[in-house]
Amino acid sequence: MADNQGTEEEGTGCNGWFFVEAIVERKTGDIISDDEPEDVEDSGLDMVDFIDNSVSQVEGQENPQALLHAQQLQADVEAVQQLKRKYIGSPYVSPVANSEPCVEKDLSPRLGAISLGRRSAKAKRRLFDKAQPPPNGHTDVEAAVEVNTEGTDETETDQVQTVSGETTTDSLGRQQITELIHNTNIRVALFGMFKDLYGLSFMDLARPFKSDKTVCTDWVIAAFGIYHGITDGFKTLLEPHCLYGHIQWLTCRWGMVLLLLTRFKCGKNRLTVSKCLGMLLNIPETQMLIDPPKLRTPAAALYWYRQGLSNASEIFGTPPEWLARQTVIEYSLADSQFDLSKMVQWAYDHNYIDDSIIALEYAKLADIDENAAAFLGSNCQAKYVKDCGTMCRHYIRAQKMQMTMSQWIKHRCDLVEEEGEWKEIVRFLRYQHVDFISFMIALKQFLQGIPKHNCILLYGPPDTGKSNFAMSLISFLGGVVLSYVNSSSHFWLEPLADAKIAMLDDATTQCWNYMDIYMRNALDGNPMCFDRKHRAMVQTKCPPLIVTSNINASTDDRWRYLHSRVKCFCFPNRFPFDSNGNPVYDLSNKNWKSFFKRSWSRLALNDNDNEEEENGDPSNTFRCVPGKASRPI
C-alpha cells in the first residue's frame, strides 16, 4: 500500500481490498505424505472451517483488520487534502493571487495567511460575482465520471451535461456579456465593436458631453447585448417618448446592437436617457454609448440621410431641422450671408446693449433664424458682437437725447405692462409725514429741470426707506446711480452725460463738502462739462439729481451755499414690514406707472408730441433694416 504512489483508482469502482485469514500447516521443506494423492479432485469439504466467523476476540490480541483500516483511512484523508489543494482555491488566498503569485501561499495557505500587520475587518465589495443559478430553475451540471471496468484502463469523462436547451443559450449569452463586463475599459470595447460593425467611429456621429447633467433634446444612442425578442416591438415602445426616431439593428457576438438617433418631446440629460432606454431595452447602463449628435457636420447629416433611404432603418416622425438644413436642397439654397443690420435691429428691439447678453441671446436663435445661423458659422463673431453693441448704444443714446422728459416718462410707462395702484405711493408719503402738495410742486419743478430746483434731498434716520423710495423711482425712470467711492477718479461723473435722471445714495460729510466745492453748478441745473474716459469731454446740462443722506444739508452752516439749491424732505419713521417680512408699501414699477398717469396734468407733463400721438398720428419707429418691396396685387 505504501509503495503505490497516487490515489487515482481509489473510490471510483469496485476495486476495494478483502481480507483472508488462513492457517498454514506446512512449511517449505516438509515432506508430503503419500496418503494424499495430488490428482484427487478437490470437493471443497476441507475448506469448511477456512473462514473464521467467530465474533469474540481475545483481549490483547493484535487485529490486523483494524490496523489496515486505520492506515487506509489516513491515506484517504491525505488524498482528499491533495485534491482540495489542487482544485479548490484556499479561503486564505487573496483574490489578487491570480495576478500576483506567491510561492509561500501556494505551498501553504496557512503560512501565507500569517501577517504581522492588522487587517481591515471590512468586507471588500466584489465587483463581479461568479455565475449564480438563474431564477427559472435551470442549472448547468458539470460532472466528471471515471469508470474503470475489468480488463480495460480507459477513462470516460463527461465534461458538461446540459439540463435544458434554454440553459445552453442563456449560458452562452451570459458568458458573452460577462466577457464584455470584464474588459479593462468597457467604453473602449464598445467603441471598438461599434467601429467594426458600422465602419466608422461613434464620435463621427456624435459630439461628447462631459457632464451627465447637460440637457439636450437630440441624442445618438448605441446599445449592445440586447435580447433579440425586443427588436420587434421597440419602435412601438419608443414612439410615446419621442418626436423623431431613426432605428438601426445589427447582430454581433454580444447579441443585438442598436443605433438610434432620436428627438425627445422634452429636454433630457444623459442619466435620464440611459434610465429610459435601459428600462425599454432591459440592459444595464454600462452597455450604452449616449451623446448628442453633431449638428453642423455635413458628413454626419449625410450618413443619417443615406441610411434612412435603405430598408435597414426604421424612421418615424419629422426629421430635425438641422438634419433637413444640411440634406434638403431647399434649405441649402436658403442659406445666406450674415447681415449685421438684422442683428442690430434685433438687439435694438429687445433693448440689449450689453455685449455678453447680445452674444448669448442671438446664438440661441440659430435654429429658427437664418441670420443667427450664419452668425454662428462666421469666424468673426466677437467683432460682430462688439459692433452690434456699439451701434445699439449709439442709437439708444441719440433717441434718449431727442426725447423730452414727458416723452421719456411715457416711454418708460409703455414698457410696464401691468397696472398698479397709485395710492401706495401716496400712503407711504403720508406715513412719513410728507406734505403731498409740497412734494408734488417740488417734483414738478424737479422733472422740468428748473434752476435752483434741480436737486431733491431725502434725509432722516437709518432704515426709514429713503433709499428704497429713491431707488424705485430711479428704476422706473431708467436713471443712473452715482457712488462717491469713485470720487478720486476724474470720470466718476461720466454717467451724468447720458442720463435723464440720476441719484446719489447716502451722502456723507465728505460728499457734501465735495458738492459744495465742485458741484454747485450741477445742482443749479445749468450746463457743465463732463470728462469721459478715452473720449473728449462733453458739455451738457446736468440731469435732475436725487440725494439720500442722514444729514440735513439745508440747516448746516457749513454748506450755506447749498441751502437754496436743494429741496429737502424728511423721512422720520422706520420702514414698516408685515409678519412675513414683506414691505407694507409696494413701491414697484407698476405703482409708479399708475402714479404718473394719475398725476400727469399736475406735473405739467403734457407735450405737443404726446398730444399728436393721442390724436392718432403714429410715431416713427426706428428701423435700421431696409424694407422689402411688397408684391403688386
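Including glycine, each Cβ sits where the backbone N, Cα and C put it.
Residues annotated as phosphoserine in Swiss-Prot, with sequence analysis given as evidence: S90 (among others).
Feature annotation from Swiss-Prot assigns phosphoserine to S94 (among others); the stated evidence is sequence analysis.
Over the motif 'Nuclear export signal' (107-116), the average per-residue pLDDT in this prediction is 57. What Swiss-Prot lists as motif 'Nuclear export signal' is 107-116, and the listing cites sequence analysis.
Feature annotation from Swiss-Prot assigns phosphoserine to S108 (among others).
If you look up Swiss-Prot, you'll see 148-168 (among others) marked as region 'Disordered'.
According to Swiss-Prot, the feature compositional bias 'Polar residues' maps to 158-168.
Annotated region 'DNA-binding region' per Swiss-Prot: 169-335, in sequence order, evidence recorded as sequence analysis.
Marked as domain 'SF3 helicase' by Swiss-Prot: 434-584.
The feature ATP binding site is assigned by Swiss-Prot to G460, P461, P462, D463, T464, G465, K466, S467. Long-range neighbours of D463 (ATP binding site) (same chain, six or more residues apart, CB within less than 8 Å of its CB): R574, F575. D463 (ATP binding site) falls within neither a helix nor a strand when secondary structure is assigned with DSSP, and so counts as coil.
Its Cβ taken as reference, K541 (SUMO cross-link) is surrounded by 13 other Cβ atoms within 10 Å in the chains shown. The SUMO cross-link feature in Swiss-Prot is assigned to K541.
If you look up Swiss-Prot, you'll see 609-633 (among others) marked as region 'Disordered'.
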Write out the long-range same-chain contacts of G465 (ATP binding site), meaning residues 6 or more apart in sequence whose Cβ is under 8 Å from its Cβ.
F428, Q432, F571, R574, F575, Y585
Around the ATP site formed by G460, P461, P462, D463, T464, G465, K466, S467, which additional residues qualify by having Cβ within 8 Å of the site's Cβ center?
T548, N550, F571, R574, F575
I need the least crowded one of these binding-site residues (G460, P461, P462), counting other C-beta atoms within 10 angstroms of each C-beta.
P462
Using DSSP and collapsing to three states, where does K541 (SUMO cross-link) fall: helix, strand or coil?
strand
Whole-number Å only: compute the distance from the Cα of T464 (ATP binding site) to the Cα of K541 (SUMO cross-link).
32
These are the binding-site residues: T464, S467. Which one scores highest on other Cβ atoms within 10 Å?
T464
Let's check the environment of K466 (ATP binding site): how many other CB atoms sit within 10 Å of its CB?
26
K541 (SUMO cross-link) and K466 (ATP binding site), Cα-Cα, nearest whole angstrom:
26
